[in-house]
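S.K.: The structure's right below; bear with me while I get my questions together.
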Amino acid sequence: MHQAALLGGLIRDAGHYGWEVAQPVPHDWRKMAEAVQNHVKSLNWGHRVQLQDRKVKYFNIKASFVNEHTVCGVAKGGKETLLSADHIVIATGGRPRYPTHIEGALEYGITSDDIFWLKDSPGKTLVVGASYVALECAGFLTGIGLDTTVMVRSIPLRGFDQQMSSLVMEHMATHGTRFLRSCTPSHVGRLPDGQLQVTWKDHTSGKGDTGTFDTILWAIGRAPETKSLNLEKAGVKTSPNSQKILVDSREATSMPHIYAIGDVAEGRPELTPTAIMAGKLLAQRLFGGSSDLMDYDNVPTTVFTPLEYGCVGLSEEEAVARHGQEHVEVYHAYYKPLEFTVAERDASQCYIKMVCLREPPQLVLGLHFLGPNAGEVTQGFALGIKCGASYVQVMQTVGIHPTCSEEVVRLRISKRSGLDPTVTGC
Amino acid sequence: MSSPPGRRARLPSHGSGRSSEAREALRRRLQGLIDGNRVMIFSKSYCPHSSRVKELFSSLGVECNILELDQVDDGTKVQEMLSEITNQKTVPNIFVNKVHVGGCDRTFQAHQSGLLQKLLQEDAAHDYDLIVIGGGSGGLACAKEAAILGKKVMVLDFVVPSPQGTSWGLGGTCVNVGCIPKKLMHQAALLGQALHDSRKFGWEYNKQVKHNWETMTEAIQNYIGSLNWGYKLSLREKAVAYVNSYGKFVEHHKIKATDKKGQESCYTAAKFVIATGERPRYLGIQGDKEYCITSDDLFSLPYCPGKTLVVGASYIALECAGFLAGLGLDVTVMVRSILLRGFDQEMAEKVGSYMEQHGVKFLRKFVPVMIQQLEKGLPGKLKVLAKSTEGPEAVEEVYNTVLLAVGRDSCTRKIGLENIGVKINEKNGKIPVNDTEQTNVPYVYAIGDVLEGKPELTPVAIQAGKLLARRLFGTSLEKVYHTLFWPLEWTIAGRDNNTCYAKIICNKSDHDRVIGFHILGPNAGEITQGFAAAMKCGLTKQLLNDTIGIHPTCGEVFTTLETTKSSGLDITQKGC
């Protein structure tokens, strides 16, 4: 859906590049939803075929522990099945959280579980939350032409580099998304015409306010699927704070033959590729004679907001906290993608920063890239960081011209110098 | 050993009378030689010391005037007169910019200490420290960097119009007729594809979308124009002289610059960088220059090229064919043998297949033999006759435009390189250089696409240009102060003077911070200890200077260090 939104922008650009399209071009939610949903269904099918091919038995049942080696599964119709095993892997993930303390939240609001499956356009939408889920959804809703508002309680993208996060938000705010900062909702009700009315408190002014929307999307966090598992029957311990399952470096829980991977495990990045890799390595350790552990350090990721944010390694704050300001050097640059020039696009938030140790050869601790195709740009540099790249090596790398990515190896201005970090020409 | 770049002067012999008039005349004549030449060497052709000195200047690429005293009639008299002038009886006797340097040993010493370079630099004859020929990616990067390092720099840039009459502004190939417009037209084509995709993602518009070539080209040319302007401004800001003229070497250290109107000016410089790049090659068949276009013309073509034949299989050919097809044009690519020579062939074939699947026609193993114009127009109609490289088969087809992309030739044949002896590869015109981008003529360097055996890429040229400027003109970041000293306790004891030695190394880029401390002498440990603590506290040369010395000690010598190594000045102690 992010791609659908990006295409809207590209259609606008196309006019500048000579394509004669009558602007503005309207968007049909149904057509997009159908195409996306069909694709997802084909992936569901693909998974089932793969399991079959590998002779993995697939049960469509909801499982919970009876004891440490036995699991009871309940099918849709109610039929129960008992299964026992030597090893058990819990990979139940998480589900979006509802703010059940807010009246009407459950009844009238939807979450990311629903948004991708709506048959009709969500219309004028209020997204509550400031996680990447919230910002990504708000981003593509705005991009396909919907009136979108984001209600943020405190800071955007908690856990991410805050300078980058505020640039991400700034871009969205200057490109059609409305933000309600320091606000928390208190009540959701339905109006006679079917629209939803939301009441909230603005903590800056101290006043209350209301608004009407067609859809409310809760994106305030995800809760691990552990409650219904009856973990205590198996002796598997969870974190009292997060309810996630406690694991060690081998993904083992408090019961040595029971493992947990992915979003349900405590202290892990909630990312698909890490879960996939952890799962594979676990299988190899259990049955393949391997002793390789999953390395959770320097995992790259990208936030697919309208202006994408790719990062790997430490945020500037984390680096400073670990090493001290004196020992950290940050190189940065504001740049303009070539494709934006003819398209007359605003590149104010296109920004890169590289966080390094100050001592020569200046080991790279983290890389942060805000711009188009951020995921594509970041991936290669993640390998560099895994190999222990230093700033000196970065400087010695010849750029590929003309790309946005080359701006990473052209970083020369440090924050400390106070010089203007805007890239000028070749 | 080849003879050094020098001219051998012959003094006309005068009468053998030792009259004072004759001696005065000789003195005047010698002084004239000393004053009138950057380097004047009084030598003897059989003298090995003289040969060494001549070789030294030759290796520095410095022109010398040499007078072989054994080959002139009054050589003895000259030698005597020199002895009067300089107090030196022997040859070789060397003068640099009117300064008497000395004999062979002194000259080599001066070279070691950097003094010789200093003397050679003080030369009003050169207009510039550096002249860069070619204002493209490499040339501009080098010029700007040299200017930042405080040098007087000139950039010559001139675009000889293409056979179709196309020309452009400052910035070279990348900005005007290469990377930049290519990527933008590629983007235009990609947007066409995105438009197509977008329907599946719910975007609704019914009509088959048409592309307007003029809208795109105008937008791209406007952007390029802003870059040209930006470069001019950037050069002005760094006080680099920019001349829109065609540069050609006429003699050592001198170029002639001819502008659009044919007006000529001459400029001299201590060093030159050739960054003239390349231009598209033509086929040498009937009709090619008259009717075909190249990448030089495509990006500013004021009309849509229409049905196009692209001749070639380089990345330039495929990229152009690719975006032209993406914009909706009927495109055929004529390939003599393989695609993307030099690249992984499996990948090259995949690139070709993809293009073919997406509407680009390929005529593999054909070469054009004749191009005829059927109709004039914008575009017109051209008939192309092509022959197979494998048999008698011939094809004939009509196109609106024929775009040649069969390679690029270095711009090195018409810049007077033969006048100064810069060697080029005769086959391809490229310039072979050593690891430091130096040509066979020591004061002439080359960077960018003209180089033999180096990648033809913008960022490579830029990096090479910057690094070259830094090597040529960047000074070391370290300053070394040093002195010999005679401990008081050694004086009466009669121990040798000028054996004890002290030096500090300072970081110029950090307030002359002392980063190295060395002493050779008695009680070195006792002396060094305190300075070590000082260095840990961030000792600078200034702080040292501000520190009062304890007298009489050896350690106090560090508080009065004045002489830098680079000055080459004498540090021997005379007495107390």
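Placement of Cβ uses the backbone N, Cα and C atoms for every residue, glycine included.
Copied straight from TrEMBL:
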type	residues	note
ACT_SITE	B:H551	active site, proton acceptor
BINDING	B:K183, B:G247, B:D449	FAD binding site
BINDING	B:G312, B:A313, B:S314, B:Y315, B:I316, B:A317, B:L318, B:E319, B:G407	NAD(+) binding site
DISULFID	B:C174-B:C179	disulfide bond
DOMAIN	B:39-101	domain 'Glutaredoxin'
DOMAIN	B:128-465	domain 'FAD/NAD(P)-binding'
DOMAIN	B:479-560	domain 'Pyridine nucleotide-disulphide oxidoreductase dimerisation'
REGION	B:1-23	region 'Disordered'
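Quick one: how deep are these features, and who are their neighbours?
M.R.: In the shown protein chains, 9 other C-beta atoms lie within 10 A of the C-beta of B:H551 (active site, proton acceptor).
Residues near B:K183 (FAD binding site) in space but far in sequence (CB under 8 A, at least 6 apart, same chain): none are found.
Annotation note: B:L318 (NAD(+) binding site) sits in a helical segment as assigned by DSSP.
Sequence-distant neighbours of B:C179 (disulfide bond) (same chain, 6+ apart, CB under 8 A from its CB) are B:T173, B:T458.
Helix, strand and coil residue tallies for the domain 'Pyridine nucleotide-disulphide oxidoreductase dimerisation' (B:479-560), in that order: 34 helix, 24 strand, 24 coil [DSSP].
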S.K.: Spatially speaking, which of the binding-site residues B:G247, B:I316, B:G407 is closest to B:H551 (active site, proton acceptor)? Use C-alpha to C-alpha, please.
M.R.: B:G247
S.K.: In whole Å, how far is B:G247 (FAD binding site) from B:S314 (NAD(+) binding site) when you measure between their Cα atoms?
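M.R.: Roughly 30 Å, rounded to the nearest whole number.
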S.K.: Please list, for the domain 'Glutaredoxin' (B:39-101), how many residues fall into helix, strand and coil according to DSSP.
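M.R.: Secondary-structure breakdown of the domain 'Glutaredoxin' (B:39-101): 27 helix, 17 strand, 19 coil.
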S.K.: Tally every other Cβ atom lying within 10 Å of the Cβ atom of B:D449 (FAD binding site).
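M.R.: Other Cβ atoms within 10 Å of B:D449 (FAD binding site): 29.
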S.K.: Quick check: which same-chain residues outside B:G312, B:A313, B:S314, B:Y315, B:I316, B:A317, B:L318, B:E319, B:G407 lie with their CB within 8 A of the centre of the NAD(+) site CB atoms?
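M.R.: Here the non-site neighbours turn out to be B:V310, B:C320, B:L340, B:A405.
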S.K.: Measuring C-alpha to C-alpha, could you say which of the recorded positions B:C174, B:G247, B:D449 are within 10 Å of B:I316 (NAD(+) binding site)?
M.R.: none
S.K.: What are the non-local neighbours of B:L318 (NAD(+) binding site), defined as same-chain residues 6+ apart in sequence with CB under 8 A from its CB?
M.R.: B:V333, B:L339, B:L340, B:V351, B:G352, B:M355
S.K.: Measure from each Cβ of the recorded positions B:C174, B:K183, B:D449 to the Cβ atoms of chain A, and list in sequence order the residues where some distance is under 8 Å, or 'none'.
M.R.: B:C174, B:K183
S.K.: By CA-CA distance, flag whichever of B:C174, B:G312, B:G407 among the recorded positions is nearest to B:G247 (FAD binding site).
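M.R.: If we rank B:C174, B:G312, B:G407 by Cα distance to B:G247 (FAD binding site), first place goes to B:C174.
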